[in-house]
Protein chains: 2
Amino acid sequence: MASVSCKTLGIGLAGFGTVGSGVWNILARNGELITDRTHGSVNLEIRKVIVRDLNKFREADAPDEIFDTDLALLIEDPSIDIVVELIGGTQAAFHLVAAALKAGKPVVTGNKALLAERGKELFALSAEHKTPIHFEAAVAGAIPVIKAVQESFIGNRIESLTGIINGTSNYILQRMTEAGLGYPEALGEAKELGYAEADETLDVNGWDAAHKAILLASLSYGTLINYEDVYVRGIEMVTPLDIRFAKELGYVVKLLSLVRQHEDGSIEIRTQPSFISAKHILASVNGVFNAIAVKGDAAGESLFYGRGAGQEPTGSSVVADLVEAARLMEHGGTHRGFLPAEESPKLMPIEDTATPYYVRFKVTDRPGVIAEIATVLAEAGVGISGTHSPSNPEDPDADFVDMVFLLHKTPFGHLKETLAQVEALDSVTERPVVFRLEKL
Amino acid sequence: MASVSCKTLGIGLAGFGTVGSGVWNILARNGELITDRTHGSVNLEIRKVIVRDLNKFREADAPDEIFDTDLALLIEDPSIDIVVELIGGTQAAFHLVAAALKAGKPVVTGNKALLAERGKELFALSAEHKTPIHFEAAVAGAIPVIKAVQESFIGNRIESLTGIINGTSNYILQRMTEAGLGYPEALGEAKELGYAEADETLDVNGWDAAHKAILLASLSYGTLINYEDVYVRGIEMVTPLDIRFAKELGYVVKLLSLVRQHEDGSIEIRTQPSFISAKHILASVNGVFNAIAVKGDAAGESLFYGRGAGQEPTGSSVVADLVEAARLMEHGGTHRGFLPAEESPKLMPIEDTATPYYVRFKVTDRPGVIAEIATVLAEAGVGISGTHSPSNPEDPDADFVDMVFLLHKTPFGHLKETLAQVEALDSVTERPVVFRLEKL
């Protein structure tokens, strides 16, 4: 039973789109449950919602009188104890979050771009004003991976993080795999179903996933990684042909974000479409679901899987953060888990990161081509673990054929130099297509 | 950099078996990392280890002078701030934990049996003395599912929890599936590899898993479930034949713990070997790994996967709890998340729980048998969704054959009554074998 005498905390929401209305609905439905579960100590009330346009259709049924258009009200109004930033972008959001921290109002945000790009300044303000920023909703929707890395794995050196953390890309790749769709058709389908935004850029170019990986890596290694130093490739150039070949070879193509600490302490961090074994548990992460494998030196490999986006899944993480914020306000604690330190960690240059590869060449179909390519590879010391070149059933007599080589583990820089030599061969007619074969 | 001035907390370990030595090793290796990550605020030192036999071989290299044999020292010694209970059992462990709570010393325990059977008394003491009990290590080793249910899902009504949470049983069933081994052979192999204890009883009879499910259900629904009311079956009677038939039908056999809240508020809770679709993500949880699917009304379906036992995986959860305990001591907070309430929740009687079923009959091989059985089922209103009765390749002319019926969803009580009638038929020669087909 909720205690009647408990203090109610006033929440101010900036933004009332998908996630904002999810937060409203969850608190309307389960607010009393939260109060019961905390034995009356946590009572949350949304007292103000700031939107750009008061007349826009709202997905949740909140009373008109709490809506307003001036973000500054969330700072000025003394009845607002906690500020929830859900407006996105990095300009107005930065000013709001910074102002809230300076005013000593804890912040809950789901804005991964804001934290990945301006987190250093915000975490410094947070420390200076002893006012926490909570951001479970910024990475992987309902999946509590921030809490896992910050708290559950606090006794572990994090050896690696491997994630499928962009549902839009994952859905598109899945449809290309299952239905043989081309990229534009699969993207169109994702948009129709509401799985892709009107502007899909950050989802498909890999940056949404990369921002999340940067946050996870920063928490794992104690300092904010400079986003400009991170290697990111999207799924826009993935072809149905490579997806078909992947399948024939026992792999699936996934937009994979990978963070790994090497023995010299350097951090490998990259996001790119990669081949993973069709048998690995990450291969079965379908549709808009997300999954993150975390490997700690004590815990071993763990995997967290769930809804990576959506109204209530992401809202669920915002609400958990609100309860956390309320508890910290009650007990006077500040941040939990790791805090970014001053110096930047040493990143491993992308040229030094080594994996096996899938490389597809478009070649003139004449005798001796395989030998020519294999000779260049051999002279460069790049081993071949397999080849794949099914004849084209629609045109078995074609002049140009696709020739796949599976290559042994090689630093990416060396591979690029070697492939430049292969590309210079007369018989090779297009730039080679490269995917990493990730051993997970 | 660790601040030199931070207060060091003294840890007392009761028990120095697998998990205790894991905790020692993790703190020895990563203790400084923890202090760095908490900006100098958490500094943990194991000051006393209580064992039964001082001369027993120790798996970790702790100095002799901190070992002792009297549990009471952990309470009396003022240099011990936090007590870690890893002795197992429910007698001495209960007295130790109760004494620690009364003395205001926070407790970290991995003892699921203790909490499932005597948790009500211990949580009452914890509340009375405002001294927390932390028990992440009690459920699923390194997997932070307690924290997920208590904190990350605090804004959710928990609709269901479905877990593979006993690694020993899972390993045995996997080996029976992969290698066609019988139960005794697979158990022997598990013992040889150290995946089963010398006394395997609680692992294979389902109670280890059931204790964990009781804890998760109790946290989810706010009150401790009476363990005597819970339906539990183990894997001892699972035969290679049913495992083979499962495979032929597209299923795998897993020891599944299931908790579900129904619309009338009643709780279904049971642990038993069950058929699950070979395509479901839980089907790919192999060996000694654990996995728990949590479905919340806001978050949707999430899955947590990782090492369910072992020295450092379980040690990792103990260490995370120690850090949590240290933070609560610093900030004066008590329990986090839900706390068991007074009244017991309404459990759904096992007779009322309804699923589809796999039922195998041993029958006399003569014309009319299928019709006889089908008639009894039809008169009882139990629908048949499929049958399976491959002839025995080693003896196609056998007198007795195995006849499998797949049955539509029916309350378990009604199924039992109906099967009693089938069993009474002359042509049915043995008690039917029943597995639930779980739709996950």
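Heads up, the Cβ atoms here are built off N, Cα and C, so glycines get one too.
Note that the structure is a prediction, hence the values are computed from the model and not measured.
According to TrEMBL, the NADP(+) binding site annotation covers A:A14, A:G15, A:F16, A:G17, A:T18, A:V19, A:G20, A:S21. According to TrEMBL, the NADPH binding site annotation covers A:K112. Look at TrEMBL and you will find A:E197 tagged as L-homoserine binding site. Among the features that TrEMBL reports, active site, proton donor is placed at A:K212. Annotation comment: TrEMBL describes A:358-440 as domain 'ACT'.
Feature map: TrEMBL annotations on the structure.
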residue: A:G15; record: NADP(+) binding site; DSSP class: coil
residue: A:G20; record: NADP(+) binding site; DSSP class: helix
residue: A:K112; record: NADPH binding site; DSSP class: helix
residue: A:E197; record: L-homoserine binding site; DSSP class: coil
residue: A:K212; record: active site, proton donor; DSSP class: helix
A:G20 (NADP(+) binding site) to A:K212 (active site, proton donor) - Cα separation in whole Å:
20
I want the residues beyond A:A14, A:G15, A:F16, A:G17, A:T18, A:V19, A:G20, A:S21 whose C-beta is within 8 angstroms of the mean position of the NADP(+) site's C-beta atoms, in chain order.
A:L13, A:G22, A:V23, A:L86, A:I87
Chain-internal residues near A:V19 (NADP(+) binding site), provided their CB is under 8 angstroms and they sit 6+ positions away
A:L86, A:G110, A:A137, A:Q311, A:T314, A:G315, A:V318
Look at each of the recorded positions, A:G15, A:F16, A:T18, A:K212, and point out the one with the fewest other Cβ atoms around it within 10 Å.
A:T18
Residues in the domain 'ACT' (A:358-440) grouped by DSSP into helix, strand and remaining coil
23 helix, 31 strand, 29 coil
For the binding-site residues listed (A:G17, A:G20), most other Cβ atoms within 10 Å of the Cβ sits at A:G20
Take the C-alpha atoms of A:A14 (NADP(+) binding site) and the residue listed as 'L-homoserine binding site' and report the distance between them in angstrom, rounded.
20
Note down the number of other Cβ atoms within 10 Å of the Cβ of the residue listed as 'NADPH binding site', including every protein chain shown.
26
Roughly how many angstrom lie between the C-alpha atoms of A:S21 (NADP(+) binding site) and A:E197 (L-homoserine binding site)?
17
Of A:A14, A:S21, A:E197 (the binding-site residues), the residue whose Cβ has the fewest other Cβ atoms within 10 Å
A:E197
Restricted to the domain 'ACT' (A:358-440), the mean pLDDT of the model is 92
How long is the line from the C-alpha of A:G15 (NADP(+) binding site) to the C-alpha of A:K212 (active site, proton donor), rounded to the nearest angstrom?
21
Rounding to whole Å, the Cα atoms of the residue listed as 'NADPH binding site' and A:K212 (active site, proton donor) are apart by 6
Just the number: how many Å between the Cα atoms of the residue listed as 'L-homoserine binding site' and A:F16 (NADP(+) binding site)?
16
